[in-house]
């Protein structure tokens with residue numbers, strides 16, 4: 001609807017419900033989406049290309065064609081709408097990422113993800129803001145305020161988690177995927193929180209208390225957004241397990257999963273929380289509990305439905321960005337020479353490079369100091385890929401840029417504001433096409449050809465039974481035929497020596513004893529008399 005309203009606001013309506021131009025615009029986008037799918041299939045084995053780059057380039061070509069047809073008067077088929085992006089396109093992408101993510105790998109690296117996503121984003125924000133403030137004066141930016149420079153730091157700190165899904169493989173590089181994508185989700189949420197804080201900031205009265213308030217606001221948003229997502233996922237699991245819609249209609253349980261996932265995002269936005277974090281953790285909880293409570297056919301349906309909606313939204317976003325990049329009105333309003341545009345864009349991208357390097361390598365080496373085994377440390381190769389893959393900027397960056405430097409109609413008030421939008425677009429296009437296309441070959445050259453057996457916390461302890469034995473004091477008899485009972489070891493000591501495995505073991509015990517009997521999940525299939533599964537199958541799946 002937002003897309004149609006955007007079109008209708010620019011194109012005259014005829015007597016019919018929709019004008020011919022409106023239908024033509026929609027046909028163009030659907031044709032481009034089909035072309036992206038076909039070309040993406042043909043380039044599946046090509047390591048230099050992916051569907052996001054294909055969609056972006058097709059969008060640029062389509063925008064150029066529109067420019068030629070209109071004799072360089074306008075290329076607007078759709079105006080870039082923040083509502084369209086944040087309310088309709090981003091939620092299915094983030095939800096599906098949480099729904100499909102390998103939870104054990106994600107939570108094993110959760111501390112690292114939070115360090116990169118929160119501390120790293122704040123470091124990048126500070127460096128980019130300071131660099132822009134001191135360097136842009138040389139380019140004659142006289143109308144930009146301190147608030148604008150702080151906003152630039154928040155805008156360019158937002159990585160492109162959407163493109164990360166395209167260039168990293170969860171099976172080939174599970175560690176990199178979980179850390180870089182997980183960081184991207186937390187990073188987007190942190191950047192948006194920082195951006196919103198800058199909007200309400202009184203730049204004339206900044207002190208240490210302001211920084212503490214900002215930290216408190218972020219922690220509040222992070223934990224409440226996460227809690228809301230978990231609550232929404234658990235509520236959906238409980239409803240579907242208790243009522244078991246599959247008795248009468250698999251359509252209802254599928255629809256309920258989709259609607260409650262989207263509702264969690266909208267509630268978060270309504271309450272002023274981070275919808276990105278909420279829907280991400282809702283997806284994780286739903287995959288752990290709700291998905292196992294539905295019928296087998298519904299599992300297949302929902303899995304493919306979520307993936308399909310995410311794929312279409314991803315492709316649409318890159319088409320959208322590509323076509324909007326050639327909006328001639330913005331380039332005319334900036335009134336900048338090609339040299340100035342390239343210079344400002346290069347400066348912004350240089351700040352992005354420095355800002356990311358300033359936290360990736362130090363944080364990675366600090367975390368290595370706390371890891372005892374060599375196999376669990378982040379090697380320099382991995383650090384370099386983490387730095388490289390996080391340099392891509394996407395639609396979140398453009399959306400925040402429009403929010404700061406354009407009014408509600410999409411126009412800008414000053415030349416400097418227009419130049420900042422066009423320069424941001426150049427950074428997004430360059431980083432997505434160049435870094436997005438080189439990341440796959442770079443991973444193959446640096447990692448896959450020099451792959452070593454992965455040693456992790458999980459491989460140190462082959463099974464949960466082996467971990468259970470660690471809870472016995474060393475030297476105490478625990479074998480069969482021993483009359484002396486073994487004493488329980490120190491949980492704290494085990495937590496320090498095997499933190500990840502110990503937390504996982506304790507969580508499994510808590511989950512099996514308290515959570516799954518209430519909310520369902522794997523092994524807790526609802527039993528309904530007369531259902532196709534039958535009593536025998538239900539008993540077989542019940543522990």
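Using the three backbone atoms N, Cα and C, a Cβ is placed for every residue, glycine included.
What TrEMBL records for this protein:
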type: DOMAIN; residues: 49-443; note: domain 'Cation/H+ exchanger transmembrane'
type: TRANSMEM; residues: 21-43; note: transmembrane segment
type: TRANSMEM; residues: 55-72; note: transmembrane segment
type: TRANSMEM; residues: 84-101; note: transmembrane segment
type: TRANSMEM; residues: 113-136; note: transmembrane segment
type: TRANSMEM; residues: 218-240; note: transmembrane segment
type: TRANSMEM; residues: 260-285; note: transmembrane segment
type: TRANSMEM; residues: 305-323; note: transmembrane segment
type: TRANSMEM; residues: 343-364; note: transmembrane segment
type: TRANSMEM; residues: 385-405; note: transmembrane segment
type: TRANSMEM; residues: 417-438; note: transmembrane segment
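Between the transmembrane segment (113-136) and the transmembrane segment (343-364) there are 3 or more Cβ pairs closer than 8 Å, counting only residues 6 or more apart in sequence, so the two stretches are in contact. By the Cβ criterion (distance under 8 Å, sequence gap of 6 or more), the transmembrane segment (260-285) is not counted as touching the transmembrane segment (343-364), fewer than 3 such pairs being found. Taking Cβ pairs closer than 8 Å, the transmembrane segment (385-405) reaches residues 80, 82, 85-86, 89-90, 116, 148, 151-152, 154-156, 158-164, 167-168, 173, 176, 179-180, 183-184, 187-188, 191-192, 195, 317-318, 320-321, 324, 352-353, 356-357, 360-361, 364, 378, 412, 417-418, 420-421, 424-425, 427-428, 431-432, 435-436, 438-439, 442-443, 446-447 in its own chain, all 6 or more past its ends. For the transmembrane segment (417-438), same-chain residues at least 6 beyond its ends with a Cβ under 8 Å from one of its own Cβ atoms are 48-50, 52-53, 56-57, 60, 143-144, 148, 152, 155-156, 160, 163, 166-167, 318, 321-322, 324-325, 330-331, 333-336, 340-342, 344-345, 348-349, 352, 388-389, 391-395, 397-398, 401-402, 404-406.
With a threshold of 8 Å between CB atoms, the same-chain residues lying at least 6 positions outside the transmembrane segment (55-72) that come near it are 28, 32, 35-36, 39, 314-328, 429, 432-433.
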